[in-house]
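A.B. asks: According to TrEMBL, the feature region 'Disordered' maps to 27-58. Annotated transmembrane segment per TrEMBL: 158-179, 199-220, 241-265, 337-358, 378-410, 461-481, 487-506, 518-537, in sequence order. For HIS477, the entry in TrEMBL reads active site.
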Amino acid sequence: MVNRSAWFLSCWTSDSMVVGEEKMSVRKRLSKSSNHAEEEEEGQRDFAEESQEAPTNGRVDLKQLISKKIKLTAEAEELKPFFMKEVGSHFDDFVTNLIEKSTSLDNGGCALTSFSIFEGDNNHRAKDLRAPPEHGKIFVTRRSVLDELFEVDHIRTIYHMFIALLILFILSTLAVDYIDEGRLVLEFNLMSYAFGKLTVVLWTWLTMFLCTLTVPYFLFQRWARGYHRTSHPVVHSFIHCFLFVVFQIGVLGLGPLYVVLAYTLPPASRCIVILEQIRFIMKTHSFVRENVPRVLNSAKEKSSTVPVPTVNQYLYFLFAPTLIYRDSYPRTPTVRWGYVTMQFAQVFGCLFYVYYVFERICTPLFRNIKQEPFSARVLILCIFNSILPGALILFLTFFAFLHCWLNAFAEMLRFGDRMFYKDWWNSTSYSNYYRTWNVVVHDWLYYYAYKDFLWFFTKRLRAVAMLAVFAVSATVHEYALAVSLSFFYPVLFVLFMFFGMAFNFIVNDSRKRPIWNVLMWTSLFAGNAVLLCFYSQEWYARQHCPLKNPTFLDYIRPRSWTCRYMF
């Protein structure tokens, strides 16, 4: 305990010295402003001496007081941006270094900080709390970015603007329905259709969950306990690995897909089943990937104990808002049920928001697609008309799932690490955007796809490993969309695999100027507009131009290109 206290004191002293040195740089940066202020103070002092020599008869010159107040206010406003920027920078550096050092206390030894990772680099700002690949992801107790930003009144006002826009969408829908129908139409036909057959979704999810809870854990437990005793460890491992792959592909892969197609589930219900299918597959892979090396090391050291996690640890992981398995995670002391209720309420609010976006903007735009042939003019107008709804759907999807939904489950499970995303809106490069948009999925791809690819082949093939990760991500995204919409139209795959990959190398981390953030947002809005336009056109074309006996090619051939000529 004494050694730990001494170590922590030394870390605190070193940080204090660093902050002290940085304070000197602050003084140097502000020297120009200080010299300017001193000159103005000398002028004010001479002015004050002259005014004292003049007889005032005990009266206060209001003009002088107002002039001094204006000058002081101007000086304060001039120094405030420098002061806030420097204080924020030093505070972030200090807190980041303190968190990084505190996480290494249990491991003994020095902390993993930005100083030890980038030796000789003058930029000591730790952008990402990430351990070396052999140590894996570090979980620490921290809040989500938006929870911190919403404490600032200026940021919360933007949240209020979106609520006001939702109110206007509701009023607009009610007014149009009253004018057209002569009454208030409080029906949600589109939403009830999209989320239809929820009972099928419920028992499908329950079956997937029970299979995921029992089969992978049972296979791993049998393999781990038999690996120490068997005389043929390679054959023993191959059999259990084969059974695990069969479970992943046959049960979690084909089972939900068969239910979706056989019961002809509507789009939103299909999306729920497919996303949960992908989540369970990623979770089971992480569980096996993290625990197999522990068993191998235990056998290598000839340990008498087999490191098999408990069922409770595995069960907690299946519900925890992370795809990286750990035996334990940092926990919060209590559950704020009011916070949970608020998050779920915001999720439902976002669902209604998306409904009104489709009802008031998208449906009138796309339902008459058959009246005009497919052409470049129609396509360009469609894309530009889709920019606004595409941007709104992007924001609502991010806020509903990555913030509200994950934070609600994190709060109920007292899961401490709420870094589900980072400040992706400040990105000046696509590489940074991919790292910060969805941290939960990015961590899984980084540790289990990118790093394992480099370990299996060679570290020289970094570009190939990145290409493989993009291919996996694009394929899974396109699979989810194709199954949810009941047709294959690889627009997302093309944008993600080709344009996204190109932007990742062209607009890289070396781009730091604000203009690159503007270009990133412009391309992001344009890309979402293209997705919304193409997929909506294809959806309505298949509704207006159905085929009596469709073949397999009819599901992958775009029907929006020839829909008008089929009447």
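In case you wondered, yes, glycine gets a Cβ from its N, Cα and C as well.
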A.B. asks: So which of 199-220, 337-358, 378-410, 461-481, 487-506 has the most C-beta pairs under 8 Å when paired with the transmembrane segment (158-179)?
C.D. replies: 337-358
A.B. asks: Counting CB pairs under 8 Å, which listed stretch among 241-265, 337-358, 378-410, 461-481, 487-506 touches the transmembrane segment (199-220) the most?
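C.D. replies: The stretch I would name here is 241-265.
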A.B. asks: Using a threshold of three or more Cβ pairs below 8 Å, and leaving out pairs closer than 6 in sequence, do the transmembrane segment (518-537) and the transmembrane segment (378-410) count as in contact?
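C.D. replies: Per Cβ check, the transmembrane segment (378-410) touches the transmembrane segment (518-537).
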A.B. asks: Do any residues, 6 or more residues outside the transmembrane segment (337-358), come within under 8 Å Cβ-to-Cβ of it, and if so which ones?
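C.D. replies: Contacts with the transmembrane segment (337-358): 162, 166, 169-170, 173, 188, 190-191, 389, 392-393, 396-397, 399-401, 403-405, 407-408, 411-412.
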A.B. asks: When you measure from the Cβ of HIS477 (active site), which residues in the chain that are at least 6 apart have a Cβ under 8 Å away?
C.D. replies: LEU492, PHE493, PHE496
A.B. asks: In the same chain, which residue numbers or ranges, 6 or more beyond the ends of the transmembrane segment (518-537), come under 8 angstroms Cβ to Cβ?
C.D. replies: 362, 365-366, 369, 374, 379, 382-387, 389-391, 393-394, 427-430, 433, 481, 485, 489, 491-492, 495, 499, 503, 507, 560
A.B. asks: Apart from its near flanks, which chain residues at least 6 from the ends of the transmembrane segment (487-506) lie with a Cβ under 8 angstroms of it?
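C.D. replies: Answer is 430-431, 434, 466-467, 470-471, 473-475, 477-478, 481, 523, 527, 530-531, 534-535, 538-539, 542, 555-556, 558-559.
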A.B. asks: Taking a Cβ cut-off under 8 Å, which residues six or more beyond the ends of the transmembrane segment (241-265) line up next to it in the same chain?
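C.D. replies: For the transmembrane segment (241-265), the sequence-distant neighbours (Cβ-Cβ under 8 Å, at least 6 residues beyond its ends) are 196-197, 200-201, 204, 207-208, 211-212, 215-216, 219-220, 273-274, 276-277, 280-281, 284-285, 288, 483.
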